[in-house]
Amino acid sequence: CLSHLYTIPFARVWIPDPEEVWKSAELLKDYKPGDKVLLLHLEEGKDLEYRLDPKTKELPHLRNPDILVGENDLTALSYLHEPAVLHNLRVRFIDSKLIYTYCGIVLVAINPYEQLPIYGEDIINAYSGQNMGDMDPHIFAVAEEAYKQMARDERNQSIIVSGESGAGKTVSAKYAMRYFATVSGSASEANVEEKVLASNPIMESIGNAKTTRNDNSSRFGKYIEIGFDKRYRIIGANMRTYLLEKSRVVFQAEEERNYHIFYQLCASAKLPEFKMLRLGNANDFNYTKQGGSPMIEGVDDAKEMAHTRQACTLLGISESYQMGIFRILAGILHLGNVGFTSRDADSCTIPPKHEPLCIFCDLMGVDYEEMCHWLCHRKLATATETYIKPISKLQATNARDALAKHIYAKLFNWIVDHVNQALHSAVKQHSFIGVLDIYGFETFEVNSFEQFCINYANEKLQQQFNMHVFKLEQEEYMKEQIPWTLIDFYDNQPCINLIESKLGILDLLDEECKMPKGTDDTWAQKLYNTHLNKCALFEKPRLSNKAFIIQHFADKVEYQCEGFLEKNKDTVFEEQIKVLKSSKFKMLPELFQDDEKAISPASATSSGRTLLTRAPAKPTKGRPGQMAKEHKKTVGHQFRNSLHLLMETLNATTPHYVRCIKPNDFKFPFTFDEKRAVQQLRACGVLETIRISAAGFPSRWTYQEFFSRYRVLMKQKDVLSDRKQTCKNVLEKLILDKDKYQFGKTKIFFRAGQVAYLEKLRADKLRAACIRIQKTIRGWLLRKKYLRMRKAAITVQRYVRGYQAQCYAKFLRRTKAATIIQKYWRMYVVRRRYKIRRAATIVLQSYLRGYLARNRYRKILREHKAVIIQKWVRGWLARTHYKRSMHAIIYLQCCFRRMMAKRELKKLKIEARSVERYKKLHIGMENKIMQLQRKVDEQNKDYKCLMEKLTNLEGIYNSETEKLRSDLERLQLSEEEAKVATGRVLSLQEEIAKLRKDLEQTRSEKKCIEEHANRYKQETEQLVSNLKEENTLLKQEKESLNHRIVEQAKEMTETMEKKLVEETKQLELDLNDERLRYQNLLNEFSRLEERYDDLKEEMTLMVHVPKPGHKRTDSTHSSNESEYTFSSEIAEMEDIPLRTEEPTEKKVPLDMSLFLKLQKRVTELEQEKQVMQDELDRKEEQVLRSKAKVRSTLRMTAMNFSSYFLQRQELESENKKLKNELNELRKALSEKSAPEVTAPGAPAYRVLMEQLTSVSEELDVRKEEVLILRSQLVSQKEAIQPKNTMTDSTILLEDVQKMKDKGEIAQAYIGLKETNRLLESQLQSQKRSHENEAEALRGEIQSLKEENNRQQQLLAQNLQLPPEARIEASLQHEITRLTNENLDLMEQLEKQDKTVRKLKKQLKVFAKKIGELEVGQMENISPGQIIDEPIRPVNIPRKEKDFQGMLEYKKEDEQKLVKNLILELKPRGVAVNLIPGLPAYILFMCVRHADYLNDDQKVRSLLTSTINSIKKVLKKRGDDFETVSFWLSNTCRFLHCLKQYSGEEGFMKHNTSRQNEHCLTNFDLAEYRQVLSDLAIQIYQQLVRVLENILQPMIVSGMLEHETIQGVSGVKPTGLRKRTSSIADEGTYTLDSILRQLNSFHSVMCQHGMDPELIKQVVKQMFYIVGAITLNNLLLRKDMCSWSKGMQIRYNVSQLEEWLRDKNLMNSGAKETLEPLIQAAQLLQVKKKTDDDAEAICSMCNALTTAQIVKVLNLYTPVNEFEERVSVSFIRTIQMRLRDRKDSPQLLMDAKHIFPVTFPFNPSSLALETIQIPASLGLGFISRV
């Protein structure tokens, strides 16, 4: 069969490769027996000739089919060999990001070097209780298997974790222990599991260090035994350690560190408590700076130190011991800094007062001189004398390092012992699970004693592993009753004998250590002489005489002999140890008490690892010689003994193996180095497991699985009713070689490769079937296509021929018509041509005649014009001649006149020079001269008249003479002035010339001004046009604004609607969160309550005899009652009937407790009042600050005021209760107390009355303050109500506040209705406000238009003004505008002041009115009206047999009522035969009667007994679904009855008038309604837990594993760990099982009369559980992620949806809970190739998180070879598209999540008076009233 597989075309094989280890290739030519060369085609595109080995002629390994690649179990591979294992691991690790893989019984764990979210508590819960093969490989699966086998087989277990340094051993062991701690819990309150986990940080700090391969490498091996009790809960632990690497304390290689604890100490050196240690930086100490890498990236050593100290505290290591540990560690660091100075070659000294040594001695409490001496000297003892000899500097340094290593090893041992003491339990250990975290096989360039011991231990473990695997194989064969054939497997016993047998390597090493002069060289020679050429596993290197080679199971290792003897001795100087033992520091000598090490007098040093084992529980006693002998044990001997002890422990347990693989040496995340991986796979035994499996029958199928998979290879006649016989018959035909398979009892066993051969036959059969189907379908399709084409051709021909006939007939008709048309056309053409010619002739004649007439006319006209021209020319010539003549004459005259003028001019010039000329020039002076002449004439006359008086007037005459002289002088002056005037004339002429120039300049300026004016006019016109355009744009903008306003109004409406919807959803989410928190608290409360009851029962059982004369009050009242029930009162009231012999004496404690409770309540009221006052002040300030934002904060303000009103109402109700209790207290003091106690003069009476008086005064004060607060709130509410405050919001807000303050969850449904009404009203108000805003905006637009027009006018006016005037006008306009705005603001301020004054007046009036109303109410209600009125029979006129819906019972019959109606009632009979909710109706009718009698004690007692009894029933039968459902239904019905008949208007509106008459009259049971609501929530949660426990075993099998559609999903080959079969065997749950269970649940709830809304919530929770568990298992099972499984899931979900439709539960929200599962199933079925597919997936899977989508894509596995895997690039595309999605990083759904439950009010239409009590209930002692 195998050789036949090489003949398959393009068969794929593996060939060796030096780089990639193995390389894939395809056969280009079929192989034929005898061929020496194979033609191969490599994946990189090259062709290769592969030559076969001529000796072995082995063919290359075949490659597995693609559908088997990536399997969870390597043994499920058809071809089991090294390349298949390596490739499968690589595909899982690189492509699928899966780090765990099974290899038979081994879990292979590859270190991802990255934090993965696969270790959370949800993953632990998912793996808990699951079979190991049912889930994907995980360390939790191995831990669960070990835990389950421990409980099932009662056998101790071991988990062996091995691997190289850096492979992840410690982390794997840590996660295994975390799993045990989480799953099992602890048996006591000491939290042992936390202590077990707390040991990890301690051991990591002192035993782990950074290496080049690992930042947190464990430098020791450890075996932790976790102890369990009989109930398999953790009770303790114990730790054993192996081979601590002590040499790391004093030496670290490059890039490595010392143990973490040293660096943690240095990082915390600045802490106050560490000052005394005198530490510093890690680089300051020799022991911490050698590696040169004191820091680890991403690690804070100071924080790690805090974690270490916290873990020490948790494990009980006190602070003093912790400081002692730190002192010793600091001392080691300082010891490393001690330096030596050489005196000569053989001696050395320490400098005096050497600081490091001083600090070391101070910390250790030893003498400085003594320690200094023995660090530089040694003691030699002979038979007779003792010598003290100095040592050299090198020897001293080595001795110092040896001492440091020894101290650290002792401290390590001491810490391990104390950790074991802390983890030790006094309880007897029933079983344990051991976790072995040990180093793997090691080989380096230089291997020494440490590697020898490690590899020796791995040889022993590998032997144990091989024997266990061989044993399991043998057991499997024997169990299946098939012939057992011996499997040849590698037995490494010879190698173990070489190491540990007599004269073995260890024996010779111990012998050489005992020799006085033994050296490594002599030991090497003994090895060569003893084993060389005698043992095939021992070799000697060619070029060395100081080394040897051992052939281990993994590889050959060369060991260097140098240092073997010294490391095996592991000695230290005895004198140094004695100095330390004499220390004053008490802790230090403790380290050396049980020192069993050899203390040799010889000078020796120790480096390397040493063994640390547990100290024995009891010290052995023996002779001194025997103790000395014990002290001489070497490290090798101790390690061999402890290894034998470990192997005995492991052999006594059932082992589980975890092999950790290091994928690369560079710590790169998800990087796979094939060479390194193969080395580790060979070393850890994985390939050996594969070889053992391949040697036998590795492939195993059950008969049913084989039949389902290979049914296609069978013919119908081969199928028998007996599946086993059918499989046998088919296999005998398919595989002729019977040695290739064996038939077991329940399975078929196949040799390696046979399953691949069967898969080939199956694929060929399916391919042939596909070809036949394709052939048939293609033929049918082509024939159908041919017939369709033939029919179409005939149809086309018919239509074509008809078309041709039509065309011929049409041709004939056209021919005849054409002849007629031609006749008439020709006639028309000839006639038309004649008419055209005739018309043309006429036109030509008319044009010719007109032309001749016009020529004649032009000739006549020209002649006439010529005559006129001649006339005018002749006239012009005559005039020209005349003008020329006249011009000549005038010229002659001018010349003559000029000559005459010149002559005259000369004369004038001459005359101008004379006086007369001046006289003529100055004509103006003549008048004066004439006047003077007249005066002269007058004077002459006077002279003639006065001649006689001449003598008398001689003087006068002389004066006149003088005067004339002066006149003459004046005339002379005038002449001079004339000359000046002539000059002025000239100047005036010049000025006139200037003026002419100015005139011309003015004209040019005028022209410029005119041009400027024109230009300005044009600019003005342009500006006007621009303004008109702007006006047009403004109009358009106004229209657009109007349009935008309309659109914004629509958008705002839509936005508000969306916002309202979002706010509604947010409110619902907040409400659900609040409910969930509250119900979780109730759940926790019920759990603590049950625990308390259990403890009380245990105490009751422990205390057999109660104290005489003392009756203990039932303490369950204090825990079972909620905070709303008065537990102390009820407890006392229940005891009153039992103590009738002393009724009065027992009343005083009741009154005192009542009084203390009252006083406490008053204090609480005062605190609440203060809180209210503070809140009110704060809210008032907020309202004042946010006046401008009233619209946005209106809803919040309404809520705040509603909460204030709620608190006010609560205060009023509390006041009423306090008044009632005060009256009751007074009554009890005055009437029912003993006379000697209540006498007026009694001290107790006075004290109580004084306290009562003070309490009453405090109550009055509080009442007044409450009234003031209420009046203020009323006034402020009325002030705010006009601003859109809606009345409906008060109802909603009151409900919400009740839910927040008192937990009124039952009112949630009503609250949601009111919320919807509120939101609708808010929407209407918002619409109205938007319309008002739109109107206001329109008004603003109109005003803006007017303002715009006015601004334009002002602009036009301003443009006409000069610049200065423009500025003044604009300033004036701005001042006017600001003045108007100020006036408007002042008017608004005055209005607000008036409003404030008005509101203050209203506040005073309302406060006064409320006070008057309160006083009136207090006067109308008497203090004792409710309680103190005597109970007397009421005479009510009624008809005969007119029942009132009440039941009467006696007080002493209460326990009997509760017992018969609750405790002993069988739900099945009541649900079937009686009306639903009958117990609830009976209890309420009893409560009604107690209310009718006004007996509050009876009401409280009955309600308390009812609640406690229901709790007892549920505790006793809490696992019975019918019981829990029955009492949930009755509790809800009882709650609804209390609401329906409470007398509240909100509940009464659903009642009939008769039902309203049955309402409670005396008591308000709102508090008990809350208690019942809490009880109903607890019952609901218990019901959900019962549902989950019943459904959980069915879900995975029915929804995932069972094939509802048979044959869709083929069964793939599975490995050693078989999964749960998907075939429906007997006892296997199917989908029908789930549906039947759902039907059962639904019918039971309906029979019990459960509310329909509550049934919907239960169904929603059930479907959520189904969906969550199914999806979680899908995400953790690679075998379930396939296309066919997605189809099965969708079919199953559709069946569940059909069930919902049948039950009319589609609106319950249950379908929505399945949405993640539906989307996961769709994700398995959609295409997953292109970017469009990625986009579709991202939009489709909105209910899945990114982690879940990527996980499903990574897990997607083809079941058949026709399917394709999801590429890595496609997954990365999905991740890139989903990177912005904000969702939870959690992978799994919370299957334990419980939705918050509500109990909507559901009134009953059943009349109470019609209810009949059946005799079967045994309630004959109650009677109807």
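Cβ coordinates are placed from backbone N, Cα and C, and glycine is handled just like the others.
Mean predicted confidence for the domain 'Myosin N-terminal SH3-like' (8-60): the pLDDT average there is 80. Under the heading domain 'Myosin N-terminal SH3-like', TrEMBL lists 8-60.
The annotation domain 'Myosin motor' is assigned in TrEMBL to 69-763.
Neighbour density for G163 (ATP binding site): within 10 A of its CB lie 27 other CB atoms from the protein chains shown. The annotation ATP binding site is assigned in TrEMBL to G163, E164, S165, G166, A167, G168, K169, T170.
The region 'Disordered' annotation in TrEMBL covers 599-631 (among others).
Within the same chain, residues 89, 93, 103, 105-113, 139, 142, 145-146, 149, 153, 155-169, 172, 176, 213, 223, 240, 242, 434, 436, 440, 456-457, 460-461, 464-465, 468, 671-673, 676-677, 680-681, 684-686 sit at least 6 positions outside the region 'Actin-binding' (643-665) and bring their C-beta atoms closer than 8 Å to a C-beta of that stretch. Feature annotation from TrEMBL assigns region 'Actin-binding' to 643-665.
Under the heading coiled coil, TrEMBL lists 915-1098 (among others).
Residues or ranges marked as region 'Disordered' by TrEMBL: 1107-1126 (among others).
Sequence annotations record features per position, and here TrEMBL assigns compositional bias 'Polar residues' to 1116-1126.
Per TrEMBL, coiled coil is recorded for 1155-1231 (among others).
Under the heading coiled coil, TrEMBL lists 1320-1409 (among others).
If you look up TrEMBL, you'll see 1504-1780 marked as domain 'Dilute'.
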Self-check item: Entry from the binding-site residues list S165, T170 having the most other CB atoms no farther than 10 A
Solution: T170
Quiz item: Going along the chain, which residues six or more apart from E164 (ATP binding site) have their CB under 8 A from its CB?
Solution: R213, Y439, G440, F441, E442, C660, K662, Q680
Quiz item: Once G163, E164, S165, G166, A167, G168, K169, T170 are set aside, which residues in the chain still have Cβ within 8 Å of the Cβ centroid of the ATP site?
Solution: N111, N214, S217, S218, G440, C660, K662
Practice problem: Quick one: give me the count of other CB atoms within 10 A of the CB of A167 (ATP binding site). | Solution: 26
Practice problem: Please work out the helix, strand and coil residue numbers for the region 'Actin-binding' (643-665) from the DSSP assignment. | Solution: 9 helix, 8 strand, 6 coil
Practice problem: Within 10 Å of each Cβ, count the other Cβ atoms, then let me know which of the binding-site residues G166, G168 comes out lowest. | Solution: G166
Exercise. Could you break down the residues of the domain 'Myosin N-terminal SH3-like' (8-60) into DSSP helix, strand and coil, giving a count for each?
Key: 0 helix, 24 strand, 29 coil
Self-check item: Number of other Cβ atoms within 10 Å of the Cβ of K169 (ATP binding site) across all protein chains
Solution: 27
